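Student: Below you will find the structure I want to go over with you.
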Amino acid sequence: MSLIDIQNLTIKNTSEKSLIKGIDLKIFSQQINALIGESGAGKSLIAKALLEYLPFDLSCTYDSYQFDGENVSRLSQYYGHTIGYISQNYAESFNDHTKLGKQLTAIYRKHYKGSKEEALSKVDKALSWVNLQSKDILNKYSFQLSGGQLERVYIASVLVLEPKLIIADEPVASLDALNGNQVMDLLQHIVLEHGQTLFIITHNLSHVLKYCQYIYVLKEGQIIERGNINHFKYEHLHPYTERLIKYRTQLKRDYYD
C-alpha cells in the first residue's frame, strides 16, 4: 500500500522550462523508499514539491495527489505531526543557548496540547528510538554533543511527533562514513521495528543498495527506472542505472540537489 501517490508531477520555472517532467511517484508504507540520480536531476525539487517548499520562482502541477488513500491538494496541513522532514542541516535545528530538553519538549507542545510531563515522556521515547538516554541529553546544549549525537537528537525531534512519513533529504551527507552508517542503521531500525515510512533522497549508492526496499532513478527530471531492491540486484537495468551502480561513487550535488 502506498502512503503517497502523486501522478504526473511537473515542476517548471518562470520561463516555463520543465525541471521535473510529468513523473508518477508512489511512496510505499512501512518501507524505505529511495530517490537517486546525478547532480541537477531534480531530486530535492521533488521533496520540496511534496512539502510545498519550492522556491517562489518555481511552480508545480499534478493530475492527482493522494496521502494515505485520501485525495489532497496540500500537504502542509500534515507537516510536523504526520509528515516529518530530516535534512542534512541538523546543526542549524537547535540554538546554542537553550538546553536540548527544553527545545525538544517545545517541539512536541507546539503541535500537541499536553502537560510538560507528557511532553517529556514523548521525548524520552523518541530518544530511546535513536539509542540515546534522556539523562545524557536533556540537560546539555547542542554544542556539547558530537556530530553523530546531534544528528540522532535531530532525528528524535522528528520522531517525537510520531509521523507516519519521514522525508529525509541527504540525511547523512555531512557526516563521516562511520556516523553516516550508524544513522542509516537507526533509520532502518525505526522503519522495521516501529512501522515508520521513509522517503530518502540520497546520492549514496551503497546506502541505497544496502537499506532501501523500493528505488526510483531520476535523470534530467524524468524517472527512468523504478522497482524493488530485487529488480536492481537481479534484473536487466537501464544503461544509466547500470553506470550508477557500476561506479557506486557518491554523486555530486548542486543548488537544486
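From the backbone N, Cα and C atoms, a Cβ is placed for every residue, glycine too.
From Swiss-Prot, here are the annotated features:
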{"type": "DOMAIN", "residues": "4-245", "note": "domain 'ABC transporter'"}
{"type": "BINDING", "residues": "Gly37, Glu38, Ser39, Gly40, Ala41, Gly42, Lys43, Ser44", "note": "ATP binding site"}
Student: State which of the following binding-site residues has the fewest other Cβ atoms within 10 Å around its Cβ: Gly37, Gly40, Gly42.
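Tutor: Sparsest of the binding-site residues Gly37, Gly40, Gly42 by Cβ contacts within 10 Å: Gly40.
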Student: Of all the binding-site residues given, Ser39, Ser44, which has the fewest Cβ neighbours within 10 Å once its own Cβ is left out?
Tutor: Ser39
Student: Have a look around Lys43 (ATP binding site) and count the other CB atoms within 10 A of its CB, chains all included.
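Tutor: Result for Lys43 (ATP binding site): 26 neighbouring Cβ atoms inside 10 Å.
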